[in-house]
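The structure under discussion appears below in the form of structure tokens.
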Ligand code: UT7
């Protein structure tokens, strides 16, 4: 069977960095509380008028360049905050990237969106529908945050990350392993934007403005995130025929540093094997895994052939995991590895 192989990576953060102090002042919070309970020091917010497509084009363009050029026959965009409810944002992103005419659509799986989009891209390749797929995770969560909700306002940030998948051969570095994907709609109300869809409609009776904001039952979600990512990660490792102790880098959804630490403990991995960038970017939802990968590639943490385990959990509830050996990406960044 044709394998789906990672061949390029890119990420982008909007320029405006927002330190904890800026939020703490208006939220009856403090830099110390935010650091202690989440591990976050700052996050980036898109400026007024900047939409998720703008971030996706930046990250997608960098990933295409990293893969050697503007070439793809499909664009899959994972996002919770599309430019508008209709149409999907991906076609606009594809056109602006110089890829008009390609298949392009959005995937909605909130913080697990990037893993779902990767699985979709891998599926397009396995089915022979596409040979090269740009997979982007991007979110502008600042556009749906309730400014009065201190538990969500301090966690989320905006950003975008992307990879290019190409058709390749089984066993190549960069080949995506078997996926583990799952969901539990019984938890749909735990992470939600209640209005704006077909349930609480824009037409007719007007919902209270707060209903358009993102809401999360953080405490209830916390341990579910740890336990479900652990189960899903274990499934993906088993399906790949790996052992957990062989994993060099755990790249989990960056929801809260304490979640990442507990997850590493639950899996029996040293915490140092968890890639983490939450301190500087916060929880960037669909962008969080590709942004963490991009940073770890750029700083040389990920070396060619390293065993990488991706796992995510979030609204839906939905989760997903996959393994890969890090590929040689010759984009002038990173350090390569023993194969180079
Ligand atoms: O991305 C999708 C998946 N998301 C997650 O997995 C997020 C999971 N949840 C979390 O990360 C954490 O639950 C939060 C960061 C959202 C909250 O942290 P926590 O340690 O669970 O706090 P808590 O909700 O248990 O609240 C403890 C206290 C409360 O005060 P009282 O009732 O004990 O007096 C909160 O009102 O901390 C208070 N609090 C804050 N205080 C200062 C909540 N947020 C803040 C804040 N600053 N920003």
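Cβ coordinates are placed from backbone N, Cα and C, and glycine is handled just like the others.
According to TrEMBL, the domain 'Beta-ketoacyl-[acyl-carrier-protein] synthase III N-terminal' annotation covers 105-185.
There are 33 other CB atoms within 10 A of the CB of residue 111 (active site), with all protein chains counted. TrEMBL lists 111 (among others) with the feature active site.
Here TrEMBL flags 238-326 as domain 'Beta-ketoacyl-[acyl-carrier-protein] synthase III C-terminal'.
There are 31 other CB atoms within 10 A of the CB of residue 253 (active site), with all protein chains counted. Per TrEMBL, active site is recorded for 253 (among others).
In the predicted model, residues of the region 'ACP-binding' (254-258) average a pLDDT of 98. The region 'ACP-binding' annotation in TrEMBL covers 254-258.
Under the three-state DSSP scheme, residue 283 (active site) falls in the strand class. Around the Cβ of residue 283 (active site), the number of neighbouring Cβ atoms within 10 Å comes to 25. Look at TrEMBL and you will find 283 (among others) tagged as active site.
Cα-Cα distance from residue 253 (active site) to residue 111 (active site): 7 Å (rounded to the nearest whole number).
The list of residues near the region 'ACP-binding' (254-258) in space but at least 6 beyond its ends in sequence, with Cβ under 8 angstroms from a Cβ of it, reads 37-40, 111, 155, 222, 225, 276-279, 281-284, 288-289, 291-292, 313-314.
According to DSSP, the secondary structure content of the region 'ACP-binding' (254-258) in residues is 2 helix, 0 strand, 3 coil.
Under the DSSP three-state reduction, residue 111 (active site) is assigned to helix. Put simply, residue 111 (active site) is 9 Å from residue 283 (active site) when counted between their Cα atoms.
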